[in-house]
Structure formats: C-alpha cells, structure tokens
Amino acid sequence: MQEEKATNRWIVVFGAVLIQLCLGAVYSWSLFNAPLIELHGWEASGVVLTFSITIATMSVFTIIAGRVQDKIGPRWVATAGGVLLGLGVILASQATSLWQLYLCYGLIGGAGVGTAYVCPLATCVKWFPDKRGLISGIAVAGFGAGALIFTPLINVFLASSGVSQTFVYLGIIYLIAVSIGAQFLKVPPDGYVPEGWTPPETTSGTNQTDFSTGQMLSTPQFYLMWVMYLFGCLAGLMVIGLAADIGVNLVGLTAATASTAVMIIAIFNATGRIIWGTLSDVLGRITSLIIMYILATAAMFLMSYITMTFATFLILCSLIGFCFGGFLALFPSLTADYYGTQNLGTNYGIMFLAYGSAAIVGPIIGTAVPFQHAFLIASVLCATATILTFFTKQPKAPDQAMAKRKAA
C-alpha cells in the first residue's frame with residue numbers, strides 16, 4: 001500500500017520532536033538543585049533523588065502507555081501525558097517538603113513524561129521502515145535537545161522569578177506544547193510502505209515476525225539487551241543528572257559556567273541520537289553499539305583517573321552524552337529489528353525499564369561515593385556491556401523456536 005496522500009510522514013516527525021523537546025527538559029534538573037536547597041534548606045541528596053524518581057516513574061509509565069497506545073493509538077495517550085506533566089510541575093511549585101516534591105514533580109510529572117515519551121517513538125518507527133535508525137534518532141533527539149532549549153529559559157526564570165514560579169511557567173509551557181504535538185501523531189494504515197521503497201525479502205539483523213511481549217521475554221537476547229541498556233544508561237545518567245554538581249564541586253566551576261557546560265553536553269546528547277542512529281543504518285546496530293561502549297568505557301575511566309580542567313571535563317562529559325544519546329536511539333531500533341513493530345510500544349516500554357533502573361542507581365552511586373570512584377564503577381560496567389554485545393544476535397521467530405524445542 002502506498003503512502004496516503006493526505007498524510008505527510010514528516011508532519012508526524014514534527015509533532016514527535018515538539019513533544020520530546022518538552023519531555024527532555026527533565027535533563028535540566030541539576031539547575032534546580034541549588035535553588036531548592038537554598039530556598040527550603042533540604043539535603044542535597046534528597047533534592048537530587050527527585051531526578052531519579054522522575055526517570056524511574058517515567059520508565060514504568062512507558063510500559064503502561066505503550067500498551068494503551070498499541071490499542072487505541074498515540075494521539076490521546078500523548079495528550080494525557082502532556083496534561084500530567086504540566087500539572088505535576090505546576091503543583092511542584094507549591095511543595096514545602098521533599099515528599100511533596102517527589103509526589104508532584106517525580107511521580108505525577110514523571111508519569112506524564114513516560115506516558116508521552118513512548119508515543120512518538122512507536123509511531124515514527126512505523127512510518128519509516130526504510131530509515132529506522134535515523135528516524136529513531138530524530139524522534140529521541142528532541143528529548144536530548146530539551147535541556148539545550150530549556151536551560152537558558154530556566155536560568156532566566158530562576159533569576160527573575162525564583163524556583164517556585166519557574167515551575168509554574170514551565171508546567172504551562174509543557175502542557176500546551178505537548179498537547180499540540182500530540183495532535184500530529186497518527187499511525188500509518190495497515191500494510192503501509194513508503195512511496196518508492198521496496199521492502200527487502202530478508203534483512204540481516206531484522207526480524208520480519210512480530211513478537212508478543214511474552215514471546216520477547218522468553219528470548220535470552222532480551223535480557224542481554226536489557227543489561228547492556230542498563231549499563232550504558234547508568235553512565236550517561238550519572239554524568240547528565242549530576243553535570244552541574246560535578247562541574248562546581250569537582251572541577252571548581254562557577255554555577256554560570258556549569259550551566260553552560262550542561263547546555264553543551266545537551267548538544268552532544270541530542271546530536272548523538274541522530275548521528276548514531278544514521279550510522280547504525282549503515283554499520284549495523286551491533287557494530288555501532290560496540291563502538292559506543294568502548295568510547296564510554298574510555299571516557300569514564302579517564303574521568304576517574306585524571307585531574308579534570310574545564311576543557312577535559314567538557315570533552316569527556318560531552319563524549320558520554322554523545323554515546324548516551326546513541327543508546328537511546330539504537331535500542332528502540334534494535335527492539336523493532338528483533339521483535340517487530342506491532343507491539344513495539346509495550347515491548348520497548350519493558351526494555352525502557354533499564355533506563356529507569358539506571359536513573360535510580362546512577363545518581364545514587366554518584367552521590368554515595370566520591371565522584372572518581374563512581375566514574376570507575378561506570379567504566380567497568382560499560383566495559384562489561386561491550387563484552388555482552390558480542391553475544392547478542394537476532395532471535396529466532398517464535399514458530400521456529402517452538403519447532404526447535406519440539407524437535408529436541
């Protein structure tokens with residue numbers, strides 16, 4: 001079936017990127033740490049935990065939203081996510097205790113992020129079977145660029161209005177923008193094929209069979225991929241979630257310079273999603289992942305070993321952000337390659353739990369031990385993921401696997 005004339009698939013991408021830009025502002029959380037500590041006198045570790053709760057809640061609701069959008073479509077699910085995110089952040093402006101901050105920003109806001117996040121990914125992949133790596137990269141690049149776009153805006157709001165009013169302004173922006181972007185999301189018709197593209201009869205590394213969630217969970221490849229995703233995201237979230245704190249406390253930067261560094265890291269995070277997604281269409285997902293894990297291993301080791309200047313801090317953190325962006329681009333594509341697109345919302349939602357787990361563990365490690373020790377732990381985990389990548393291969397289709405078990 002050819003593409004419907006009434007639908008330009010790039011319009012879907014526009015809506016996806018608009019949504020992800022707002023969701024990705026969560027990566028600017030480190031900018032709120034110092035103002036909240038100063039305003040309320042809270043412990044730094046307690047404030048930092050908000051970021052972990054937000055990402056962990058996001059990962060859980062990605063599964064729930066993925067299952068719902070697989071059944072009813074992405075438009076209203078993403079809209080609901082925008083409403084939850086906006087309301088959660090607005091309510092956080094009234095928080096006078098940490099548990100209220102966790103509830104409003106971490107749980108309600110995080111639920112909104114997770115509800116909206118999976119919809120653009122699952123939808124765009126279906127519209128672009130011919131450019132799966134590239135389009136996954138673009139779809140999540142907005143998430144990485146969110147911190148870049150919102151960091152200067154947040155700084156202006158903080159300087160002029162304080163942290164509480166900043167939450168109000170941001171909540172209104174998120175609610176409106178995500179709800180608008182959601183209206184552009186639409187699944188392609190059954191049997192859709194992009195105009196001018198002929199699906200190959202067989203594609204190396206790509207499974208033409210759609211796995212149910214239960215079938216996916218019965219394959220050992222899923223667990224290898226999940227652990228690999230966990231280790232890569234742990235390193236990335238450790239650096240991104242604590243970037244401003246690392247810059248100020250370890251490198252000796254001013255708060256303003258650290259904010260600039262956060263923006264630069266966000267640029268590499270966003271561009272890494274597009275570049276690695278594009279490269280994976282050429283080199284293959286596994287080869288690209290091997291390169292990324294090697295780079296992340298080296299960068300985290302150097303951060304643990306050398307005395308960092310502003311330049312080395314920026315280079316190494318940007319490299320981590322660049323690879324982290326690639327992980328978020330390639331794992332949706334790899335999940336679609338191995339397990340099909342019919343149940344991608346639910347299947348990738350479960351895969352995405354690795355990201356949520358990393359969001360809890362990464363920043364906790366980063367604040368529980370000296371930074372250099374945390375970086376070394378992350379380096380070892382990335383090296384382990386490099387090894388695991390060599391054992392990852394395309395799973396057999398469910399009927400083939402069943403036949404093999406019966407023959408045995």
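Backbone N, Cα and C atoms are what each Cβ position is placed from, and that goes for glycine too.
Annotated in TrEMBL:
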type	residues	note
DOMAIN	8-397	domain 'Major facilitator superfamily (MFS) profile'
TRANSMEM	12-32	transmembrane segment
TRANSMEM	44-64	transmembrane segment
TRANSMEM	76-93	transmembrane segment
TRANSMEM	99-122	transmembrane segment
TRANSMEM	134-154	transmembrane segment
TRANSMEM	166-185	transmembrane segment
TRANSMEM	222-244	transmembrane segment
TRANSMEM	250-270	transmembrane segment
TRANSMEM	282-306	transmembrane segment
TRANSMEM	312-334	transmembrane segment
TRANSMEM	346-365	transmembrane segment
TRANSMEM	371-392	transmembrane segment
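Sequence-distant contacts of the transmembrane segment (134-154), counting only residues of its own chain at least 6 positions beyond either end whose CB sits under 8 Å from a CB of the stretch, comprise 13, 16-28, 31-32, 117, 120-121, 124-125, 127-128, 166, 170, 240, 259, 262-263, 265-267, 269-278, 281, 321, 325, 328-330, 332-333, 336.
The stretches the transmembrane segment (346-365) and the transmembrane segment (76-93) do not meet in space: the count of Cβ pairs below 8 angstroms, excluding pairs fewer than 6 apart in sequence, stays at fewer than three. At the 8 Å Cβ cutoff, the transmembrane segment (76-93) and the transmembrane segment (12-32) share at least 3 close pairs (sequence separation 6 or more) and count as touching. For the transmembrane segment (282-306), the list of distant contacts is 133, 204-205, 228, 232, 235-236, 276, 312, 316-317, 319-320, 322-324, 326-327, 330, 333-334, 337, 371-376, 378-379, 382-383, 385-386, 389-390, 392: same-chain residues at least six beyond its ends, Cβ to Cβ under 8 Å. The average pLDDT for the domain 'Major facilitator superfamily (MFS) profile' (8-397) in the predicted structure is 89.
Below 8 A, the CB atoms of the transmembrane segment (222-244) and the transmembrane segment (166-185) form no more than two pairs separated by six or more positions in the chain, fewer than 3 in all.
If you look at the transmembrane segment (12-32) against the transmembrane segment (166-185), you find at least three C-beta pairs under 8 angstroms, all six or more positions apart, and that counts as contact.
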